[in-house]
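Annotation source Swiss-Prot lists GTP binding site at 12-18, 40-42, Arg301, 327-329, 399-401, citing sequence analysis. Here Swiss-Prot flags Asp13 as active site, proton acceptor. Residues or ranges marked as IMP binding site in Swiss-Prot: Asp13, Glu14, Gly15, Lys16, Asn38, Ala39, Gly40, His41, Thr128, Arg142, Gln221, Thr236, Arg299. Look at Swiss-Prot and you will find Asp13, Gly40 tagged as Mg(2+) binding site, backed by sequence analysis. Annotation comment: Swiss-Prot describes His41 as active site, proton donor. The substrate binding site annotation in Swiss-Prot covers Ala295, Thr296, Thr297, Gly298, Arg299, Pro300, Arg301, and the record cites sequence analysis as its basis.
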Amino acid sequence: MKKMSIVGAQWGDEGKGKVVNYFSEKFEWIVRFSGGANAGHTIYYKDKKYVNHMLPSIMPNSQSKGFLGAGMVLDLEKLVEELNILEADFPGMSSKFYIDLEAFLVLPWHKEEDEIIESMRKKPIGTTKRGIGPAYTDKVSREGIKLYYLFDEKMLKERLEDIYYLKSSLYGNKLKTSKDDVFEYLMKTKNELEKLKINYASAVEMGNVFRSTSVLFEGAQGVLLDLDFGTYPFVTSSSCMAHGVSSVGFSTFELDEVYGVLKAYTTRVGSGPFPTEIFGEEAHKIRELGKEYGATTGRPRRVGWLDLPALRYAKIRSGLTGLVITKADVLNGLDKIKVCTHYEVNGKTKDTPSSSYDFFVAKPIYTELNGWKDTNDINFLKYLSYIEEQIGVDIDYISYGPKTEEMCSKNDLILNMENK
């Protein structure tokens with residue numbers, strides 16, 4: 001049975017949620033394998049907008065089920081909120097979701113820590129202040145709380161006692177959240193989840209299920225925000241690449257396809273290097289047409305031209321076998337469109353960054369292509385072909401609007417052009 005992974009090929013916000021929705025009816029399981037409430041995946045169903053930060057992107061009318069894997073850090077309050085929104089419109093939908101008992105939790109003091117640490121930095125790194133970084137830090141330093149602790153109150157209280165002792169020693173009176181506050185929060189959200197009839201499982205239990213059926217693995221953020229290979233330190237705290245499926249007990253060798261999602265241009269939220277960034281009226285126009293404001297933070301996204309060296313880097317790092325291009329319609333009507341083909345790095349021309357260091361010092365080298373009136377224009381097809389030739393991976397699907405149905409295969413696009 002087919003196994004596919006969808007990952008962001010840029011700095012996140014590429015439209016992965018919509019792409020997952022488009023494919024979801026072909027898969028029995030949609031699995032989130034990393035990240036937390038710092039991701040914002042927007043979907044449209046019957047002209048209504050839903051923004052999921054925690055939940056896998058499955059359509060309400062789909063037979064697919066969703067799994068939240070152990071590589072995530074779960075904000076249970078946000079999870080309950082999202083489930084309640086879906087339940088109000090689609091009663092019983094919560095029972096389609098399963099949570100890995102091995103997943104770590106974002107706790108109230110993690111959000112406090114996020115604020116405290118960001119305020120102490122000489123230069124902010126642009127955290128979403130959702131507690132993601134501190135939660136992953138606790139995971140690595142063995143100070144975290146896993147979901148299964150909620151089902152053993154004695155063990156939970158002992159763990160909270162130990163963790164609070166350390167945190168109060170580190171932060172003193174700056175930390176306002178007590179261990180009792182956290183315990184009450186966890187019991188409250190646990191009860192709310194039980195009322196919603198969400199399911200609990202583990203990747204060990206689900207391993208045979210996943211291997212005997214079709215699974216779509218939904219990545220969060222993008223390759224250039226990956227903890228190991230992104231523009232460190234301006235990155236997220238987890239894996240954004242296909243190899244993140246290991247947190248669900250899978251290997252990348254078990255994946256049949258890895259699709260990278262990219263915009264027809266480039267955006268970035270927060271601080272960090274951005275070689276093709278543009279400013280002024282040109283940037284403002286693209287930002288407004290593309291509604292480039294963060295689904296999680298509402299922050300205006302930085303905007304730039306398409307960056308082919310960054311895409312080549314993403315292809316190599318995440319083993320991309322196909323591409324999906326989104327927001328193609330945003331560039332409609334422009335006479336000329338710039339594309340970065342190479343970087344100049346310390347006086348040398350490079351087609352692909354050697355490491356994430358290159359992003360910090362790169363000067364973009366551009367070529368200029370003819371624009372298009374709409375996505376049925378031959379110049380748009382030439383734009384796609386140019387990207388394919390440069391990257392060495394086919395663009396198989398095109399998104400030209402926010403709704404799930406505003407997407408087609410490249411073959412259908414060509415047929416439509418030929419029939420006009």
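Every residue, even glycine, has its Cβ placed from backbone N, Cα and C.
Note that this is a predicted model, so its numbers are computed, not measured.
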All-chain count of other Cβ atoms within 10 Å of Lys18 (GTP binding site): 23
The one of His41, Arg299, Arg301 whose CB sees the fewest other CB atoms within 10 Å, among these recorded positions: Arg299
Spatial neighbours, same chain, of Gly12 (GTP binding site) - Cβ under 8 Å, 6+ residues apart: Ala39, Ala220, Gln221, Gly222, Leu225, Cys240, Arg268, Val269
Cα separation, Thr128 (IMP binding site) to Pro300 (substrate binding site) (Å, whole number): 13
Alpha-carbon distance [Gly298 (substrate binding site); the residue listed as 'active site, proton donor'] in Å: 13
Packing count at Ala328 (GTP binding site) (other Cβ atoms within 10 Å of its Cβ): 24
Candidates Gly40, Thr128, Gly298, Ala328, namely the binding-site residues, that fall within 10 Å of Asp13 (active site, proton acceptor) by Cα distance: Gly40
